[in-house]
Each structure stands twice: as structure tokens, then as C-alpha cells.
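Below is one structure, written out as C-alpha cells; the observations come after it.
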Amino acid sequence: MFRNYVRIAWRNLLKRKVFTAINILGLAIGFGSSILIYLFLSYHLSFDKFHENSDRIYRIVTEEHRDLIDYEASVPPGFAKVFREDYEYAERVAKIVEQSGLVMDVEVDGTTKKLKEDVVFAEEDFFKIFNYPLLDGSNNISLSEPNTAVVTEEIALKMFGKTDIVGQTFVLENDKTIKITGVLKNLPKTTFHEEQVFVSFGNLEDFFGFAASESWGGISSNLQCFALLRPNQNIQAIESALVELPKQHRPKSKNKHIYKLQSLADIHFNPYYGGVDPVLLWIFGIIGVFLIAIACINFINISTAQAFYRSKEIGIRKVLGSFKTHLFWQFLSETFVISLFAILVGVLLAALFLPSFNALFELQLSIRDLLTFEFFGFLMLILAVVAFMSGSYPGLLMSRIVPVLALKGKLTHNDTGGNKTRKVLVVAQFAISITLIAATLIISRQLEYAVNADLGFDKDSVVMLEVPGELEKIQYGTLTERFSQIPGVKSVSGCLSSPGAAENNWGTSVKFNNRPENEEFSIQAKIGDVNFLETFGIELVAGRNFFKSDSITEVLVNEKFGEKVGVLDPQELLGKKLKANGDEIQATIVGVVRNFHDVSFAEEIRPAFIADNPNWYGEIAVKIGPVNTRSTLQRIEQIWSQAFEGYIFDYRFLDERVAQEYEAEQRYLSLSKVFSALAILIGCLGLYGLILFFVGLRTKEIGIRKVLGSNVANILALFTMDFFKLILIAGLLSTPIAWYLMEQWLQGYAYRTEIRWWIFALAIVSIMIITLITISYQTLKVAVTSPVKSLRIE
């Protein structure tokens, strides 16, 4: 029986090749888009699932409560030892410290090779908590001895061109000779650890003394602490017990710490601690459903329209003894055949566009990721759902056709699904497209607002050079002077944490103007020489710049600092004393600068100070002119190489650093544009199919109208006005929904654009124009046909 259904379905589909092709292409685009979204979601959902005890692995994080709450994926350096020794909750505890861009010297065949890699300093139990196997498949990883390291297979090949390198050495930061004790298999793409070089924790003190200590004085974002809990632990009970720790180890601090246990599964999905926002993943999942829904609507509309032409066939089948169930399953078989072809084409489309998708999101998904039981299960599921959704309603309508009316040719549109049903579905299709277009426009406006807004500093043409270690040996004065003499260089500044760097945020006690009580709030610490303001184009609104000094005796503050301490007039801040971070900062405020954005527009501007201390410089900022940029950079590199022989010259433009704050939004904007375009394309295919049907149905009417004096414009208006009415209805329905959703999204930004009425008007007009273009060709083709030919059509 099923074989017979399929054979008849195949014949019927071949009779209507154009409509079959439209249905297959529309569904294929929907399937292909959904497959890419499925791969994207499954990639994110598979993070760190491969560890043996993943359900018992936790990271300890900190909520810092001051004037606001800061969420730190870290703890004080002394936390790990106390949690390990004083509590019975964990089988193992380990902390790691990440350091970016460390230089590794490798000796290969008498030649020194230099690599610049991110390095993790890890305690020994780290590899007993996480299952990162060695190349031989074992987990016998040891970092107990100082000056030892394990590296991944990829790094081994970069270093020595082979993986059999146990016992080989490299020199870290021109200082420590490190012995390689193991080679790891390449880390999975779905792990939150991106670093591929792991060095014994005992070496950390040589590079970052604070994180290597057992201090409870503060938090470094580079440090993370992990624990493998014993089975059946109560997380809330553990967190309640940890409430006492700050009282014991930070009794004088007004900066309140609350320690939380974050599950391994939550690390990738918690935006408060640097993970991705799961809401965005849900949004793209919904978009995938929308695209499939639009394709199904196309299918239903075209199929119900075609039912009018197939009414005599159905009437004859009923007279010859076919039951309603036979007719229903016959049509469902046709739908299944179309869906099967569509899903095969969809897989090909997904494979074709996968490289572009990877480039957009910097992923490494491959065709091999499609060869899984889960993926084939997904294909079967959407195939069954789409076939049933698309075929059941038209099948029911056709099976209910009255044979007498069908054979006498007296059926109306309502008998075969009618205009009302199709109009409702077309309105739904238009509403989805308008919502997607409006959302894309609003996201684009917000990003344009953020990137082009006045940030309070000049980000253009500023080259940031990261300074190597051994700061006390660096002659900044000589180096900056030599840079300044290069033609094309406008200004040079030694600094730590440039504007827009989104780093060096201190959660500290601040004492202003010798007030009796310290105030607890976050303050951005900017260290720079006397050229800092000129190099970054920061405006001084009161007072003067600080004088050159080897210690911090004078500081500049921003206007937000004045607001924080209750002094709104910048002139009144001048001459006041500022003490922060214990006794580390004790200085006089000599100037007030205009507020500048140091983080993305999602966060409010924070209080900041700028001070000069050459011992803290970590970067050199070089402001260059717009002419002969390449030669200027080449000259900078020459001087750099002479000053820092043995170090890799690496630079980055400040505007790139600022743009990175909105990298995720830019990617999602690009994807929103693509999926909006796909939704419109699928909708256009459906419209084209419907207009083919309506034009064919009303060809004789068009001929009569032309005989009675109607021109081409009148004929075009006859078809377009009905669709324009549906678009306006869709616009009225979708506008409040889109406005609400995007208003919720914009709530996440402290500085944001406003949603304007014209955005929705533009979305509606865009759909009208696209609709007009879609239906014009076929309509004009019939409108210019001779009335004689039109009236001859039966």
C-alpha cells in the first residue's frame, strides 16, 4: 500500500514541476538553516561533557559587594589552601593562573625558535580533576616538580616538529629553563580551557608573585580555583559554610565577598562569569523554528491552492471507492516525498555554507560533525514533523471534498481551503519577516551607536605595544624618545591599561579628602606618563596634568569619581587627597578629566584615576599619523627589536581592542541579517507560487478587464493591493511583539539607542517592496498578454 502511495505521489509531483520545485527549494532552505543552527547549538551544549566526573567538578567564584556587585570567576590566592585543608567537601582542589603572551625559546638543530603562547600555571591536582589524556592514552601527568611543563600535541609540533619530545626543554620569558614531562592529546574544541601550555605552579612566583601567594587581600582575574567534590554534596550547605571565610581572613575589609560554587556545566553558559548568554542560543533556536514554519506555511498555501485544480481527480477517486483515509495518506505521501528531497538538498546547502558559518563564529565545525546518531535522529525528527505539519491540513481538506460538486466544477475556494486560511498563514509569514527585519535594524543601530559614539578618548591610529617582563630593566625614557623622533609619530606614552581596555578595575577602599570613613567602590586604575592625555586624546576639564615622577604623588580623576564622592564641581576636587588600595595610592588630585568609556556600553562609566609610575608600565602607546602607516610601523619595529632583542614584536591598534568588546554582538548581527534574508527568500518563493496560482485562476478575468479598459497598472494593483493589506495587518500584529522583545534586549545596555517608529515602518515598507518585486514579473507577463489569448483559456 505504502509503495503504491509513493508511486502515485511521484507521478503527481512530476505533473506540477514548478510548484514541486518551489516547495522543495523553500523547505530545503529551511532545513539547511536549521541544520546549521542545530550544529551551532549542539556545539555549545557539548562543552566539557567529556570529563569523567563532570557532574562533581565545580569552579569557586566570587560575588564582590560594594556600591555594586562584581562577578569574578576567581577567588583570593589563599582560598584554595584553606578549602583543601580545613573542609571535607572536596576530594581534590587545584588553582591555576593564566598568563597571556609569554615568550618561549626553543632550540632546534642549533637554531633558536621563538613562540608566543598563553600559559597556564597549574597545581598538580588540576590534571586529576580534569581528564585531559596524554598521547599514550594515560593520565599520568605530573607537574609536582618546579620547572616542568606539559604541552599539547599541536604545540609540540610547533616547537619541535614532532610529538616525541618528553625530556626536551624550552626557556620561558628569557629566564627559566622548563623541562617537558608530557604531551597531551589536542584539547577538545568544546572545553573552556584555550591554553595549550601547562607549567608547574611552583614557577608562578617568578612571573606573578601576588597570585602565587596565600594572600586574602584581593582577587586577580587570572586565577581560578577548581574542586572535585565528594559524591552527594549539598551545594547550598557548602556555600553557607563558606560565608564565614571572609570574616576569618578579611575581617577589616568592607568589600564583602560571597563565595559560590559554579558547576562545570554552567561555566560556558553564565555571562556573569565570562560565558555565552544562553538567551542568544534560545533566540537562534527559535529563528530556526521560524524558518521551518515559514517553509511549511508556503507548502500549505501552495498545496491548498493546488487542491482547487485537483478537485476533479479527487472526485473521481472517491466515486471509484477511495475513502477519506486513503486520500489523506495519499497526499501525506506526496508531502513526505517532497520533504525527503528537500532535506537532502538542505544537507547539501548546510555543507556548502558551513565554511562561511565557521568563519563568522570562528568555529571549526566539519562535515564529520554531521555523521552522528544524534544528527540523524534530528533529521528524522524534523522530516517527520515537517511532513506531518505541511501535509496533514491540505490532506484533510482534500479528503473532505464533495465528489458531486467536484465533478460538476461547482467547488469554491472555501471548499478547498479557501482564501481565509491562506490569508491567515500569509499574515503569519509576513509578521515573522517584519519582526526579524526590525530586530536586525535595532541591533545594527545599537552597535553603530556604540562604535561611533564619542567614547571620551581618541581610539584611532593608536598602536599598542606590549612590553616584555623585567620592567625595572626597561629604559622607557630612551625608548619613547626614539619613537617620538620617527616621522609620522605624533605622541608616545608608557602606560598600563589604556582607555577602552576594560581591565585593571580595582575593587578597593577609597579615602577621599581625609574623610573619617573609607568608601568601598570599584575604580579604574590607569597608569601613564605625562603624555597619556595627549596620546589618547583625553580632555582635561579642570586643573592641570601631573608632573613626571617616579612615584605616585599626583593623580587625575574623572568626573564620575566626583559624582561618586559627592563633589559635582570639578574645581572643588582639586587639591584634595586621595588614598586607595591600602597605602599603595596616596596622592593629591591635581586635575579632572572628562568621563571616558573603558568598557562596553553594557556597563556604566566607572570612577577612574590616572597616575604616573614607571615601575607599573606594561605597554607603550604610539599615536601615529594617517600617512605612510606601513613605513612608520616598520621603523617602530626596528627600534623595538634593538631595545628588546630576543622578544617577539607584537602590536595591536587600539580601535581593534575597543571593537573586540562588541565582537559577539557583531557576529550575531551578521547571523541575524543572514537569517532575515533567508526568511524573506523563503517567503518570496511562497508568494511566487501563490501568484502563479492566482494569475492562472484569474487569466480570463484579466482578459475581460483589459477589454473593458483596464491598463497594466490597474491589473498590477489588482493583485498587489490584497497582499499590501495583509502586510499592513502583519505589521500591526508584529510591531508590538518586536518592540517588546528588542526593548528587553536593550535593557542590557547602560548606554543605548532608542527604538523609533520609523524602524517598523521601514520593515513594513521593505516587505511591501520585496512583495511587489516578487509578484510583478508573473503579473506583468499576464497583463501584457493579448485579451484574445486570455479569453480562450478554459
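Don't overthink the numbers, they just go from 1 along the chain as shown.
Quick reminder: no glycine exception, Cβ is built from N, Cα and C everywhere.
Automated prediction, rather than curation, is the source of TrEMBL annotations.
Feature list (source: TrEMBL):
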DOMAIN    20-244  domain 'MacB-like periplasmic core'
DOMAIN    286-401  domain 'ABC3 transporter permease C-terminal'
DOMAIN    431-596  domain 'MacB-like periplasmic core'
DOMAIN    674-784  domain 'ABC3 transporter permease C-terminal'
TRANSMEM  21-41  transmembrane segment
TRANSMEM  279-302  transmembrane segment
TRANSMEM  327-355  transmembrane segment
TRANSMEM  375-403  transmembrane segment
TRANSMEM  424-443  transmembrane segment
TRANSMEM  674-695  transmembrane segment
TRANSMEM  716-742  transmembrane segment
TRANSMEM  757-777  transmembrane segment
Point to revise | Segment proximity, the transmembrane segment (327-355) to the transmembrane segment (674-695), 3 or more C-beta pairs under 8 Å | key: no
Check your understanding: Among 279-302, 424-443, 757-777, which stretch has the most Cβ pairs under 8 Å to the transmembrane segment (716-742)?
Key -> 424-443
Review point. Hey, which bits of the same chain come close to the transmembrane segment (424-443), Cβ under 8 Å, at least six residues off its ends?
Key: 287, 290, 293-294, 297-298, 300-301, 665, 668-669, 672-673, 675-676, 679-680, 683, 686-687, 690, 723, 726-727, 729-731, 733-735, 737-739, 741-742, 745-746, 753, 755, 759-760, 762-764, 766-767
**Study point:** Positions on the same chain near the transmembrane segment (279-302), where near means CB under 8 A and six or more residues out
**Key:** 19, 22-23, 26-27, 29-31, 33-34, 37-38, 40-41, 44, 335, 338, 382, 386, 389-391, 393-394, 422, 425-426, 428-429, 432-433, 436, 668, 671-672, 675, 678-679, 682-683, 685-686, 689-690, 693
Practice item. Mind tallying the domain 'ABC3 transporter permease C-terminal' (674-784) by DSSP state, helix then strand then coil? Key: 95 helix, 0 strand, 16 coil
